[in-house]
Amino acid sequence: MESPARGGTESTESTGTTAGAPPVLSLQELLAHPRRLVNPSTVGGAIALAVGLVLVLVPALSHELTEAVVGIGLLVSGANDLWTTVRRRQVRATVRMTSAVRGLASVLLALVFLLSARAALAATILLGAIYLLFRSLLTLLLAAFSRSRDKRAPRFAAGGVGLALAVLILAVPGAYVDWIAAMVGVVAVLGGSITLAYGYRVAAGRLPAPDGLYPSFTEIIWTWVEHVDVGTTRRVQIADQLYLERPEMAAKQIAWWTMLVLSVCIATLAVLQDSTAVVIGAMLVAPLMTPILGLAAALVSGWAFRAVRSLALILAGTAVAVLLAFVIAAWVPIVVPFDTNSQITSRVEPTLLDMLVAIAAGAAGAFATVDRRVAASLGGVAIAVALVPPLSVVGVALSDGRLGDAGGALLLFGTNFVSIVLAAAVVFVLTGVADPRQLRRGGRKILLTMAPFVTAALVILLPLLLTTDGLLETSSQQRTAQGVVDDWLPDSSRLTLTSVSVSDGTVQVDLAGAADDLPELADLRTALDEQLDGSYAVDVAVTPVEIESVPAVSPSPSPSRLNIDLG
C-alpha cells in the first residue's frame, strides 16, 4: 500500500530490508569497506562526473580534452566496425559493406581530429547538420504522404524537431564549436551523477543488484523514476496546487485573475518609472508561474484536458497583460526614454544566458513544488525568471509604436515560457510526479506532446545564439584591443588607459594624461590590424590632466602665557 508522501517502493527502502534481501548499509559502513562501493555504475559514473567537471571548470583544457575524447571515440568505433567486417563473415554482404565504409570514415575522421581537431570538429558539425537537414525533410515528406495515421504524427514530430535543429546549427556553426565542450561537460556531469547515485544505491542495498550486465543509462533512469514515485495521494495534492479546479474553482479563478491584473499594473508602472524594486514586487505578485508548471506536469502525466486548460489560461493571461500594459502606457503622462530606461533595455535583447536562467528557474520551481521543505523558495524563483515584466514592456513598446522593442520583449517571454516548461517537465519526471505506469503505457504519446515545445525552443534559440555570438565576439575583440593598447603604451608613459571599445570597424581609445606623451598612432593601428585580423580606424581621445599643488602652511608657534599669582 502506498504512503501519502512516497510510492509503495519507497516503503521498502525506509524499512531497510525485505525477505531474503541484504541489509541496507549506511554511508559510514560503506566508507569503512570501500570495496563494496566498487561496481560498474559507480566507476563509470565517477569517471563521467570527473571528465564533466574538468570540461566545465577548466575552460583552458576543455576544448583539447573534448577533441581528444571525440577523436579516440571515433577511432575505437571505426576499428570496431572494421573488425566486424573482417571477422564476422556470416553477416550479410550489405551489412558488412556498410560497416566497412562507416569504419573507414570513422578512422579517417579520427585521424583528422587528432591532427587538426578544431577544423575537424567544425566539419563534423557542419556535415552532421546537412545530413540531419535532408533526413528531416525526407521524414516530413513521408509524413505528408503517409496513409497510416499512426505513423504520420511521430514522423511530423521527429521531422519538425530535426529540421529546427539542423537550421539552428547551419545558421551559427561556429557557436557550436565554441560551446560544444561546455555542453558535453554538462551532459557528462548530469549523466555521471545519476549513474553514480544508482551505483551507490545498489552498493548500499537500497536497490537489488542486477543479474549479469549492469543496466544501460536509459534503464537506470527508469529505475530511478520507479523508485521516487510520490504516490497517488501526493500527486493529488500537487495537482490541487497547480490547477484551478474544484473545490472552489470559481474562487480560485477570480483570485488568479485579480493577482494577474494587479501584477501587470505594478510591473507597467515600475517600467515607466524605471524602478527595479517595484519590478521585483510585481514578480512576486505575478501568478503566471503556476499554470506554466501545471502545463509541464500535465504534459508528462498524460493529462490532456489539464494541459489544454493550462495552455489556454497562459495564452489568455498573456493577451490580457499586454493589452492592459498598452492601455496604462497610453494614459499615463510619462515620456519613456527607451534608450536609457534600464527596465526596457534589459528585456529587448535576450541572449542565451536568459534561456539558461529560465531553465534553472523552471527546474527550481518544479522541485520546490514537489518538495514541501523548500516551498518557500518559490518567491526567489519568481524573481529569478521574469514573466510579467517582459509582457509589460511589450505593451509599453507597442503604445509608442516601437515594434522592434516589443518583439524583443516578447521573445524574452517566449524564451522563459518554453524553457520553464521543458525544465519543469524533466524535473517532474525525475522526482516521481509523473506516474511511472503512465509513462510506460503512454510514453510515445507524451513524447509527441513534448515535440512542439522542443521545436519552439530550438526556433527561439536561433536569435538568442545570434545575439550571444555577437556579444561574445565584441567582448573578445575589446579584450584583444585593450591588450594591444597596453603594449603600445610604454612603461614610462604618463598616460593612463581609461577605456577601449570596438564598434563598426573603429577602435576608440580613451586616455588620460599629457597629450605630448602620446606614442605613434600608426604603430597602434598596425598592431590592432594584426591582432584583430582586419583593417580598423583608430580614434584616440586624450583627456588632459593638470595637477596643481599648494604646499601646506606650517603653523607658527603660539606664544606661551605665564600666569603669576600676585595674591
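In case you wondered, yes, glycine gets a Cβ from its N, Cα and C as well.
Owing to the predicted nature of the structure, the values given are computational and were not obtained by experimental measurement.
The following features are taken from TrEMBL:
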- 7-21: compositional bias 'Low complexity' (COMPBIAS)
- 1-21: region 'Disordered' (REGION)
- 43-62: transmembrane segment (TRANSMEM)
- 68-86: transmembrane segment (TRANSMEM)
- 98-115: transmembrane segment (TRANSMEM)
- 121-144: transmembrane segment (TRANSMEM)
- 156-173: transmembrane segment (TRANSMEM)
- 179-200: transmembrane segment (TRANSMEM)
- 254-272: transmembrane segment (TRANSMEM)
- 278-299: transmembrane segment (TRANSMEM)
- 311-332: transmembrane segment (TRANSMEM)
- 352-370: transmembrane segment (TRANSMEM)
- 410-434: transmembrane segment (TRANSMEM)
- 446-466: transmembrane segment (TRANSMEM)
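Contact between the transmembrane segment (352-370) and the transmembrane segment (446-466) holds: at least three of their C-beta pairs are under 8 Å, each pair 6 or more apart in sequence. Of the candidate ranges 43-62, 156-173, 410-434, 43-62 has the most C-beta pairs within less than 8 angstroms of the transmembrane segment (179-200).
Beyond the transmembrane segment (43-62), the same-chain residues lying 6 or more positions past its ends with a Cβ under 8 Å from any Cβ of the stretch are 69, 181-182, 184-199. Only sequence-distant pairs (6 or more apart) were considered; of these, fewer than three Cβ pairs between the transmembrane segment (410-434) and the transmembrane segment (156-173) are under 8 A, so the stretches are not in contact.
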